[in-house]
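Listed in Swiss-Prot for this protein:
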- His118: chlorophyll a ChlzD1 binding site (BINDING)
- Tyr126: pheophytin a binding site (BINDING)
- Asp170, Glu189, His332, Glu333, Asp342, Ala344: [CaMn4O5] cluster binding site (BINDING)
- His198: chlorophyll a PD1 binding site (BINDING)
- His215, His272: Fe cation binding site (BINDING)
- His215, Ser264, Phe265: quinone binding site (BINDING)
- Tyr161: site 'Tyrosine radical intermediate' (SITE)
- His190: site 'Stabilizes free radical intermediate' (SITE)
- 29-46: transmembrane segment (TRANSMEM)
- 118-133: transmembrane segment (TRANSMEM)
- 142-156: transmembrane segment (TRANSMEM)
- 197-218: transmembrane segment (TRANSMEM)
- 274-288: transmembrane segment (TRANSMEM)
Amino acid sequence: MTATLQRRESASLWERFCSWITSTENRLYIGWFGVLMIPTLLTATSVFIIAFVAAPPVDIDGIREPVAGSLLYGNNIISGAVIPSSAAIGIHFYPIWEAASLDEWLYNGGPYQLVVLHFLTGVACYIGREWELSYRLGMRPWISVAFTAPVAAAAAVFLVYPIGQGSFSDGMPLGISGTFNFMLVFQAEHNILMHPFHQLGVAGVFGGSLFSAMHGSLVTSSLIRETSENESANYGYKFGQEEETYNIVAAHGYFGRLIFQYASFNNSRSLHFFLGLWPVVGIWLTALSVSTMAFNLNGFNFNQSVVDSQGRVINTWADIINRANLGMEVMHERNAHNFPLDLASGESLPVALTAPAVNG
């Protein structure tokens, strides 16, 4: 009888735990995806902060010339970064237990893999958590669908691109100047500005900003007055009110006359779907462009495509871009310290201590 009661208590404890995990009454919803999201994001954040502040230099190029990225090794907030794993590691999985010592793991940039893989796992679980909460509240799943765009972009630069290039050392450094370094080198090696998917992505991001500004300004300009002239118009809105807070007919009429009639939405639902769709599709296409260039399916190359009747090249803008690409690629050449974002530190370590004896 006692054993039966213990089994019931155990089941009851598990049921209470499940109920707490999936409860929508908690201040912050946890969910089953949150069970994995919370530890992975906490791990990624903790290791990132520690590495950004105190990690020793990393042999990113695999040429025994470590590059310093942490604050304690001479960087500031702008130049600091978590340096990607060494080219000597390639795309091998490199957890702490695969290294001979902690010093070796740090020297080869192990923290970068740890941060990136935990971060990508965490944000993927965040997508699932958004879907899970929407499902339990009876909402549609579009919030989680929209968040797949930035997650796809992060996965492209942190995971897909290193896999395509054959080494995590080609991944984007976790820092401000490291991000710019990555962008310049990416342009030099892949001509991303001439990739149609990236161009569509730029249209998506800038277009989304424009549409957001247009929508916000139109709504703010056509608010239904519920307050006196001496009060802020914002006080005229009560959270949860059923009435419209702005006059969509006035906004539609204004914008239709400003541009032309069919440039303006007359359906609030389709308008907001469009506002969500435009930047999301743009960022999807940008992530797809990086993922294709990871395997060297690069941007268009129109270099020296215009010649005169004598066969002489007439330089076009494409040739100017090509010259800039060559300059950036040369400046980033391995073991040539003329690129200001590469902060080299420490003496080069000899690979062979003695020269081999050659007989004959």
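Cβ atoms here come from the backbone N, Cα and C positions, even for glycine.
If you compare every pair of Cα atoms in His215, Ser264, Phe265, the residues listed for quinone, the longest distance is 11 angstrom. For the transmembrane segment (274-288), same-chain residues at least 6 beyond its ends with a Cβ under 8 Å from one of its own Cβ atoms are 142, 145-146, 148-150, 152-153, 155-156, 197-198, 200-205, 207-208, 211-212, 215, 265. Long-range contacts of the transmembrane segment (197-218) within its own chain (CB-CB distance under 8 A, at least 6 residues past either end) are made by residues 251, 254-255, 271, 274-275, 278-283, 285-290, 292, 299.
Here the transmembrane segment (142-156) has Cβ contacts under 8 Å with residues 119-120, 123-124, 126-128, 130-131, 134, 273, 276, 279-281, 283-284, 286-288, 290-291, 294 of the same chain, all six or more residues outside its ends. Compared over the binding-site residues His272, His332, the count of CB atoms lying within 10 A of a residue's CB peaks at His332.
Counting neighbouring Cβ atoms within 10 Å of each of the recorded positions (Tyr161, Phe265), the lowest count belongs to Phe265. Residues Met214, Leu218, Ala251, His252, Phe255, Leu271 surround the recorded quinone site, their Cβ atoms falling within 8 Å of the Cβ centroid of His215, Ser264, Phe265, which are themselves excluded. Annotation note: His215 (Fe cation binding site) sits in a helical segment as assigned by DSSP. Annotation for Ser264 (quinone binding site): spatial neighbours Ala251, His252, Gly253, Phe255, Gly256, criterion Cβ-Cβ under 8 Å with sequence separation of six or more.
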